[in-house]
């Protein structure tokens, strides 16, 4: 027994040509199609243009206009207009096959079929034939009880040579699978309600296809065996328009195309297949399927529901994928996968790459509440899936989920399996609360690649917004809003290669997780050479930048930047920076060089920072820690000092005069060599070992560094660096403290002006000697008091004098 699943009411699809708004709608569709085709820019433009030229050489502006002209040619070729009832057709349960055959004859005829249900064993239409009923559900043509399982309800009569100019309108076609106690398609491309095979110029309008053994409507080639390296549409159908049709209960797909081209499918409904073409639980029965070898196909304002896939653009492993397919204004309601693009057998890295899966657009399409379906248990709900296809454009896509439906953490949109060059603009997603992620970009060896997502809105949907897979480095995410409740992460990527700009998020625990780093605001992440606020700059490398400059400034190398500069300033090599300079240049393939605030200089040495006017005037050497200056070094402080360690390991107070005990210092007494004074005002200080342990690098017998030549890991250049002491323990580096932070080390002022502790004997102009580290009056010497800055008091036990040491 055949079970009908929510068959649509035929009255919903009644002929609407009598309504004035219908004409307006057709004009709107025509304008959209015309603009779309005229302004399309694909490699197949020439072929599409040729398709708009009639057999008489007349150029039409639109392929549909050529179809219209061919329709009028069909009317002009008709020499008879008959009613099938005049040939004995009666809707009373008898076999009317012969009556239809006689009425149709050899073609060039318009056959009218009155209201009623007519049983036939298949109708074959020759060229130049129009068959017209009274409307869907009013005129019904149904297969007779004795009809073989392989028969169609209607097809063309010459599969070998092909047919042309056939028009079918205004009827329901019932394949009657319950005949003979239940029949199914015996295999092959038989058993459909209506098939055009090798037909040029065909029209199918206002037709209802019911319970087909295979497909409701099939636009095809006589055979399905054309390889990708052949002219695979040579024997297919072309210039076909399917309009305002309904299919349901199909054994496989509702409306499908194979090895055919220039097909229009508009204003149609296809849903609720029976799936009997497959084993139970694995029925890939789809609403509209643009299958093997189809190309130049337009789907306009159609509706699908209850299918495994609402619209599938695909091919099987051995056959060419459908190309140049345009889906406009389609609504998928409760199909499992609303829109699915794939080339089977070309998904894994071990599979051959598809050479034919190209050029699909989806414009203003909607996926509403995709759901699981027992027809195919293993297929999980998605709004959009793209696999293996390249050059795909999705614009104005809307995905609406049921917040209470369990999507079992599956993604809403999945780009996967070696798909590439995909643009998604203006996508809106909401309501998939129990999905796993709204947009999933698969990584790994079978990754998708070169993805652009822009002007998108995700609202109260999955816990994750956009997930980027590993090894995926070419993703642009621009201008989006992501708002949800109790979300986990808005954008997730295992690397920082995605370009992210202008994205806002709300309601996620983490706005972004990029290479393990989490953000509470979605960051701006830009890659590629950037030219910003410059009238004439060049960022040559993908990791270089020129910013706020003029005069053909150029950043050539990796991680190079030229900022606030002019006069043709340029960088080369790796990790180079020029800032606030004119006509400054970093040259060669060395690494880590910087020019600041300079005019007309050239820097070549690695690991240096330099500046100057007309020539380098100062240079800092990061390898050796040296600084070189052509001019003076100024300080508000006075004197020169060096670090010395106290012999006791204890702090010696500022202003104390010290002497040497071996290599360490103690407070000086009368007769001691006065080394210097503990100072806090030395302008120049040496011996600090500020950054690393003083013994980290090997030295020669005179204390100079021992050098070695090593290869820079990044640039490959040979550089000369101090040789590390084999006894150096890097594990202790974290606990190392500069001498400035340790009590036992002191800055000892050796020459210049310093503050010295003095006793009550000292006056301005006196010489000093030392007693227990405190200055006392001497008759001569090299220490002379310039002025008393703090008079001696017995309470403190000292005064303070500014003293010059020579």
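Placed from the backbone N, Cα and C atoms, the Cβ positions cover glycine too.
Summarising the annotation, Swiss-Prot assigns region 'Disordered' to 1-23.
Residues or ranges marked as compositional bias 'Polar residues' by Swiss-Prot: 12-21.
Sequence-distant contacts of the repeat 'PbH1 1' (199-221) (same chain, six or more residues past either end, CB-CB distance under 8 Å): 2, 4, 7, 10, 13, 15, 67, 70-71, 74, 135-137, 149, 153, 156, 162-177, 183-185, 189-193, 233, 235-260, 263, 270, 274, 276-277, 293. Residues annotated as repeat 'PbH1 1' in Swiss-Prot: 199-221.
Sorting the repeat 'PbH1 2' (237-259) by DSSP state (H, G, I as helix; E, B as strand; all else coil) yields 0 helix, 12 strand, 11 coil. What Swiss-Prot lists as repeat 'PbH1 2' is 237-259.
Long-range contacts of the repeat 'PbH1 3' (260-292) within the same chain: residues 2-3, 5-8, 12-13, 29, 51, 63-64, 67, 177, 184-185, 211, 213-214, 216, 219-221, 224, 226, 233, 236-254, 298-316, 319-322, 325, 332, 335, 374-379, each at least 6 residues beyond the stretch ends and with a Cβ under 8 Å from a Cβ of the stretch. If you look up Swiss-Prot, you'll see 260-292 marked as repeat 'PbH1 3'.
Averaged across the repeat 'PbH1 4' (294-315), pLDDT in this predicted model comes to 98. The repeat 'PbH1 4' annotation in Swiss-Prot covers 294-315.
Residue counts for the repeat 'PbH1 5' (419-441) by DSSP state, with H, G and I taken as helix and E and B as strand, are 0 helix, 14 strand, 9 coil. Here Swiss-Prot flags 419-441 as repeat 'PbH1 5'.
Proximity of distant same-chain residues to the repeat 'PbH1 6' (448-470), defined by a Cβ-Cβ separation under 8 Å and at least 6 residues beyond the stretch ends, is recorded for 386, 401, 403, 411-412, 415-442, 476-495, 498, 505, 507-508. If you look up Swiss-Prot, you'll see 448-470 marked as repeat 'PbH1 6'.
Listed as Cβ neighbours of the repeat 'PbH1 5' (419-441) (distance under 8 Å, sequence separation of 6 or more from its ends, same chain) are residues 341, 383, 386-413, 447-469, 472, 475.
Look at the repeat 'PbH1 3' (260-292): DSSP puts its residues at 0 helix, 15 strand, 18 coil. Broken down with DSSP, the repeat 'PbH1 6' (448-470) shows 0 helix, 16 strand, 7 coil.
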